[in-house]
Amino acid sequence: MFIKKNINHSKYIFWISILFIWILSTITDRIWWNLYSITPSWDQADYLNSALDHARALSFLGADGASDFNSLLDKSPKIPPLASIINGAVITFAGDAPHQAAWSLSFWNGFFIFNIASWGLYLRGEKFGLFCVLISACSPFLFNLRTDYVLELPLISAITFYLFHLGRWSDKSIGGKWIQLIIATFACSFSLLIKQSSLLVIIPSLLFVFVLSFKRDKKFRLQFLFLVLINILAVLPWFFHNWIMILSGTYRAVFESAAIEGDPSILGFKSIFWYFPYLDNQFGSIIFFSGLSGIIFAFLTYLRSFRYQARLVDIFNEHNYKWTWIYFNLITCWTFTTFIPNKDQRYIACTIPLIILLLALGFSKWSDWLDTYFKFNSYILLFIPAVSFLFSNSINKFNTLQNISSKYYPVKDILSIVRSDQTIDKKETVIVVPSTPEINQHNVSYFGSMQGGNILGRQLGQSLLHIEPVLKYSNWVILADGDQGSVPSNSLVLDKAIRNSSLFIQVQEFPREKEGSYTLWKRRSSSFNPNEFHNRFIELAKGMEKGPLGIKLIFDEIEIEHMLDGHLKYQSIVRDKALSKISSDPENVESLWSLSLLKILSNRPYEADIYLRNLEILLPNNPWPSAYRTIVNFASWNPWKASLIADRANKRNPNYFLKSLSDISAIFRGSFWRLKSALNSVPNAIKSVDESLKPIEK
């Protein structure tokens, strides 16, 4: 009984110590955030915008909220929504200013510290858990994530949670319980819905468990099947709704960004060893080399006592499984990350908790060695991470606080002027020509949306085609004198056109930290030109009956309009007009085209199919309603219906495009024998589309 009380007392002290470390790290973070005055730049402002959007959609901030579940999913077209939902909930209580929204990072840090401490207890006990937590709290890399509004800290927290609980469930000595599986399943879904990068850990870990299941009983295999199915169901609604944007966005982020930024080839020597030089800075020299030397010491000790009768299958032995799980996931995740074309220090985030466990093992080995041979109070080693933090580059952040607080970031002042000229509840779009860390479309949108604002920032100027629409319809424009940031040289042409135009007046000039200035321009009241794109939209939608030529014209103009009108105000006008006409005349072709295009742009394929079906009946000799129906059904994962529509339409109106759609849909429904036909029809369809677009090229 006395021993049991001592054990419980020890656990209480351990968890109180963990709580104390989290509080200390939070105080450190808050000191930095409360003195922080840097305007969020590109990614940071984008993630803050997403959190605000989700908070509004869920009515956390008193807004009307999303009208349905699909409207909520619209808020996360490229990145899973869970982190933004949680961050939005924190913003509800803490406030939407950057330093207030950053309380969500303290939550994620606490979640991470709790999980890494639990993992330490599971592996080697309380002292090891303390080493894990102290290394985590004092790591410069994690400190940078705690003071930078990006998704890597939520990702690391979720991955640690997932690997710990999946490892416990798959550990034969203590696992296999249904409650463990339920927690592991929840943890996996949680990770998947934070960021796609979690797949770098989840895919190899599930493959490992899949192979392992052949050595376990039927119950284990049934549990594994349950885990996989539940996680597919958890991710399916978001992926199903946004899959086209997800795949295209991922391609741009992984491949196109790598090409633009000049990242090395994935098979090159530089790419393979890209992340190794950063490890020292990510953990601090003292932490890294203390932990690494301890690991080397442990490895040499192991070699000395190596038993030749040991077999490879022993890695699945219950006595070795915990560390086998860590080694396997670290090696595979590191390898997968290395072969991702786009490189950045942040992208190694998924391996960080596993590296922390290894470094803590190195500290633990030093502690054991000092206890055994020198009877040295090894608890002094617990102070090494704190000393390492004091000598790391993280302290430079605090040294620059005085300089940071003296910097001037004009975006707040610019938006206060726009807001003062804005009537109540009016939705406004500000065109941002430059793209710099101080001013870009993302942070203009963020500060314009704070405290219930309705001001969005949108960037134009990358193409010469943007000049005329901006001169005609934009009301507010931000220009830069000097460096334009990460924009093409065409932006200078738009800049000059605004300055030389008599349609705009300069409202105010704002100084920049370096040479140059920012200027805010407003359309003269005498030159106000109402944007009646809703009328033009109806004409463009009618052009869909011309096929690819009409589609090309539509998206060329809508791409610009969605920048000029970030709130898409024209859509409600078009919808109301079209529904009003259809209520009196159900066969109004013009209105049916308008509603079809609106539903396609809104990512509502089921509703688009209804209107296109009516057009298919009203225009029996036009192949394009059937072609669009095929595409929207294919987009909604219904290749059976898509193939049926295309087959019937192609018999009625023989067309290369319909034939290719028919073949592709048939292949996806399982008719693989039509692959030969597709190899002929698809090139013909591409050729026919190119021919139809030649009038535009001329």
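Backbone N, Cα and C define each Cβ position, glycine as well.
What TrEMBL annotates here:
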type	residues	note
TRANSMEM	12-33	transmembrane segment
TRANSMEM	101-121	transmembrane segment
TRANSMEM	128-143	transmembrane segment
TRANSMEM	178-194	transmembrane segment
TRANSMEM	222-240	transmembrane segment
TRANSMEM	283-303	transmembrane segment
TRANSMEM	323-340	transmembrane segment
TRANSMEM	346-364	transmembrane segment
TRANSMEM	376-395	transmembrane segment
Task = Give the one range among 12-33, 323-340, 376-395 whose Cβ atoms make the most pairs under 8 Å with those of the transmembrane segment (128-143).
result = 376-395
Inquiry  = Please tell me whether the transmembrane segment (178-194) and the transmembrane segment (101-121) touch - that is, whether there are at least 3 C-beta pairs under 8 Å between them, with each pair 6 or more apart in sequence.
reply    = no
Key: Contact yes or no, the transmembrane segment (376-395) and the transmembrane segment (283-303), 3+ Cβ pairs under 8 Å, gap 6+   = yes
Remark   = The recorded stretch from 222-240, 323-340, 346-364 sharing the largest number of CB pairs under 8 A with the transmembrane segment (101-121) is 346-364
Key: Contact check, the transmembrane segment (346-364) vs the transmembrane segment (12-33), 3+ Cβ pairs under 8 Å, seq sep 6+   = no
Inquiry  = What residues elsewhere in the chain lie close to the transmembrane segment (12-33), defined as a C-beta under 8 angstroms and at least 6 residues from its ends?
reply    = 98-99, 102, 105-106, 109-110, 113-114, 117, 121, 126, 129-130, 133-134, 137, 143, 146-147, 397-398, 401
Task = Six or more residues out from either end of the transmembrane segment (222-240), which same-chain residues have a Cβ under 8 Å from its Cβ atoms?
result = 69, 73, 76, 80-81, 169, 176, 178, 181, 184-185, 188-189, 192-193, 206, 209-210, 213, 246, 637
Ask   = Do any residues of this chain, six or more beyond the ends of the transmembrane segment (283-303), have a C-beta under 8 angstroms from a C-beta of it, and if so which?
value = 135, 138-141, 355, 358-366, 369, 381, 384-385, 387-389, 391-392, 394
